[in-house]
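Novice: Below are the structure tokens for one structure; questions will follow.
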Amino acid sequence: MKISLISAISNNLVIGHNNKIPWYLPEDLKWFKKNTIHKDIIMGRLTWESILNHPLPMRKNIVISHKEIIHKDVIWANSISKALLSTTYDKEIMVIGGSKIYKQMLFYATKLYLTHVDFNGIGDTYFPQYKSCKFWKTIFRKQHFKDKNNPYNFCFEILSR
């Protein structure tokens with residue numbers, strides 16, 4: 001079982017504010033789709049609510065919540081272990097948020113798909129500190145500069161351990 005975390009993070013690890021992503025980067029949305037399509041995705045309840053309770057198409061959507069989630073295209077799990085038991089064993093599992101789930105799953109992850117956004121605004125939700133682990137090695141990195149569609153500089157990075 002390969003567990004990966006995918007997130008867009010600001011310079012100070014902000015990932016959200018008021019249950020929304022504080023920036024809009026169409027290229028990052030394409031990157032997210034490319035790296036999660038046809039895979040199992042795990043998310044927490046607040047992330048589920050942030051996507052308006054709509055499962056992401058062409059993915060197995062697994063939501064971790066103490067409150068039961070009833071939706072025909074979603075698997076509800078009340079713990080991380082139950083969520084992992086719901087996954088397809090031979091596929092890469094993509095953890096898509098939020099902060100609590102990232103923090104709990106970081107220990108088990110072997111890959112991080114990060115979009116570093118040159119953003120210094122406020123937030124109330126953060127990605128966990130991952131740089132303290134010296135075992136993470138960058139295996140892919142691509143810089144993008146802001147343009148008419150993407151108002152911030154950003155960089156795609158994949159780390160592995």
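Backbone N, Cα and C define each Cβ position, glycine as well.
For reference, Swiss-Prot lists these features for the protein:
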BINDING   ILE6, SER7, ALA8, ASP28, ARG59, THR115  substrate binding site
BINDING   7-8, 15-20, 44-47, 64-66, 96-101  NADP(+) binding site
DOMAIN    2-161  domain 'DHFR'
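I'd like to know what surrounds each of these features in this structure.
Specialist: A strand conformation is recorded for SER7 (substrate binding site) in the three-state DSSP classification.
In three-state terms derived from DSSP, GLY16 (NADP(+) binding site) belongs to an extended strand segment.
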Novice: Quick one: largest C-alpha distance among ILE6, SER7, ALA8, ASP28, ARG59, THR115, binding substrate per the record, in angstrom?
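Specialist: For the residues that bind substrate, the greatest Cα distance is 21 Å.
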Novice: Grab the pLDDT values for the domain 'DHFR' (2-161) and give me their mean, rounded.
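Specialist: Overall, the domain 'DHFR' (2-161) comes to a mean pLDDT of 97.
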Novice: Have a look around SER7 (substrate binding site) and count the other CB atoms within 10 A of its CB, chains all included.
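Specialist: Excluding its own Cβ, the number within 10 Å is 22.
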Novice: Just to verify a number: CA distance, SER99 (NADP(+) binding site) to THR115 (substrate binding site), in angstrom, no decimals.
Specialist: 15
Novice: Have a look at the binding-site residues ILE6, SER7, ASP28, ARG59, THR115 and say which one has the shortest Cα distance to ASN19 (NADP(+) binding site).
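Specialist: Closest by Cα distance to ASN19 (NADP(+) binding site) among the binding-site residues ILE6, SER7, ASP28, ARG59, THR115: SER7.
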